[in-house]
């Protein structure tokens, strides 16, 4: 067993640890998850994990925010793979594929990375997997027109959340599927039809409610793609940890 690496934050704590546990309760044991938050001290070590190609890529990002997202995303992936394979994260080789996804060329894993604000998450599975992370906030009305399948018209009204929270949830569910399919937005999200298992707005299947009369924090959706395929998506809300202000939806998609 390898010793804990100085760049790691083990184990996940607080809201993010609980979120990871809730997602795994839906997904099962085959999917491994990791969340990290950018920290200047740990980032100094995380930078040493980057390959020559990744360091060159990092230098092309003019915005510091984009650099932090890149560093944290790669760190989440390498930390997760390192723990699963019991190797040093710096020894984990990642490669950007032609479709833009990140592969683990030396190992039989499927990998997906997402980031939002200071946070980054990685999902690892022996089968295709996609993950997305988005902050719950007011969005432009054009997002709804961009996302919604014709059969999704009543979906936002059916979900037991405020409108913006429902819209961002739909976004994360659909994007996680598009990432698992490795098509990204080359496939229109309108071609994805979501069944969240909600009936009449108040009977919720497959969801966990952590406080009485509160909307469920965690659930599952089944997404059918117009050109074929059904995907299972676990999702959970991540409330702010101490010192933070943003609330997030975190979704993970796997084949059904």
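Just so you know, glycine gets a Cβ as well, placed from its N, Cα and C.
Marked as CoA binding site by TrEMBL: 66, 74, 132, 175, 179. Taken from TrEMBL, the feature Mg(2+) binding site covers 132, 134. Per TrEMBL, domain '4'-phosphopantetheinyl transferase N-terminal' is recorded for 63-124. Taken from TrEMBL, the feature domain '4'-phosphopantetheinyl transferase' applies to 128-195.
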The domain '4'-phosphopantetheinyl transferase N-terminal' (63-124), counted residue by residue under DSSP: helix, strand, coil: 25 helix, 17 strand, 20 coil
For residue 134 (Mg(2+) binding site), the number of other Cβ atoms found within 10 Å of its own Cβ: 20
Residue 134 (Mg(2+) binding site) and residue 74 (CoA binding site), distance between Cα atoms, whole Å: 18
Residue 175 (CoA binding site) and residue 134 (Mg(2+) binding site), Cα-Cα, nearest whole angstrom: 10
Fewest other Cβ within 10 angstroms of its own Cβ, chosen from the binding-site residues 132, 175: 175
Fewest other Cβ within 10 angstroms of its own Cβ, chosen from the binding-site residues 66, 74, 179: 66
Local confidence of the prediction over the domain '4'-phosphopantetheinyl transferase' (128-195), expressed as mean pLDDT: 90
Tally of DSSP helical, extended and coil residues in the domain '4'-phosphopantetheinyl transferase' (128-195): 38 helix, 10 strand, 20 coil
